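Colleague: Could you have a look at this structure, given as structure tokens, before my questions?
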Amino acid sequence: MVKTQRVVITPGEPAGIGPDLVVQLAQREWPVELVVCADATLLIDRAAMLGLPLTLRPYSPNSPAQPQTTGTLTLLPVALRESVTAGQLAIENGHYVVETLARACDGCLNGEFAALITGPVHKGVINDAGIPFTGHTEFFEERSQAKKVVMMLATEELRVALATTHLPLRDIADAITPALLHEVIAILHHDLRTKFGIAEPRILVCGLNPHAGEGGHMGTEEIDTIIPVLDELRAQGMKLNGPLPADTLFQPKYLDNADAVLAMYHDQGLPVLKYQGFGRGVNITLGLPFIRTSVDHGTALELAGRGKADVGSFITALNLAIKMIVNTQ
């Protein structure tokens, strides 16, 4: 890395394990400065509950970034709306969570931060606070005014991107259009090159129907939509293999020769990835004008403040973001 970069972190739901995980991140050195967008008292109290040392350094945007030393975090303060009891949701803190996301996103857009790593949020309590919220991905897409974003989950061995995300199953076939596939594959291909440093990405593409339609006998979306799009993009030089049946695609003979998989819908691709790498997975938002990675688990309210939360996914998300920063420099 040419110079030390700043990475901004949002711990997520304050009553969940996000603050625990951020405190655990501080128990080692990092080659980047970790700027945590959070309430100071929340982090200090949670560190005390866990019996871990923590010193908060003030965020100084006009000073050069410094590698993070053991036992420290850099604090970008955002005040809680209500005091926090570990494991107990407070509706007003839905506003606090969104404020941390907005400040972190804006800091990435204005060049303060080289990447954003997000902890788990509780969508229900944010909506109960009167804030329409479907997820991090959609929030950052709207706030950054990105034309289109793509959700990809990854472990060290497997990357799975989604053509559609949080849609009811009955709506998916209608959503798989030529325009959508062109857009999603273009973003996936571009970000594999620019953010992952893969010169000529090799992408496996799932069919939509069982057996990838069985030649039109089990649905015609492959013939009518997916194959024509793939043929057009192959003619432009993209290395695309598919459409392949999803029940056979996830085998070494295919995966060993691929850099990513494009699944048509959420539950087609993610169960395999989460089984293969549960606790080590990372959620990446492609198509944003900045790097964003996230843990692939929830708030685990029952574990908050107990010292039993696994920091593995957060570490993987941070390490991946650092690699992506290097690739984009």
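The chain as shown is numbered from 1 upward.
Cβ atoms are placed via backbone N, Cα and C, with glycine included.
What you are looking at is a predicted structure, and each value in this text was computed from that prediction instead of being measured.
Just lifted these from Swiss-Prot, have a look:
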- H136, T137, K274, N283, R292: substrate binding site (BINDING)
- H166, H211, H266: divalent metal cation binding site (BINDING)
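Mind running through what each feature is packed against?
Modeller: The Cβ of H136 (substrate binding site) lies under 8 Å from the Cβ of L101, T118, V121, N283, T285, R292, S294, each of these being in the same chain and 6 or more residues away along the sequence.
In the three-state DSSP scheme, H266 (divalent metal cation binding site) is classed as helix.
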Colleague: So if I draw a 10 Å sphere around the Cβ of H211 (divalent metal cation binding site), how many other Cβ atoms end up inside it?
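Modeller: The Cβ of H211 (divalent metal cation binding site) has 16 Cβ neighbours within 10 Å.
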Colleague: Which of the listed binding-site residues (H166, H266, K274, R292) has the least company, meaning the fewest other Cβ atoms within 10 Å of its Cβ?
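Modeller: Result for the binding-site residues H166, H266, K274, R292: minimum number of other Cβ atoms within 10 Å at H166.
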Colleague: Can you tell me the three-state DSSP label for H166 (divalent metal cation binding site)?
Modeller: coil
Colleague: Can you give me the same-chain residues 6 or more apart in sequence from T137 (substrate binding site) with a CB-CB distance under 8 Å?
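Modeller: Correct list: V149, M151, T165, T285.
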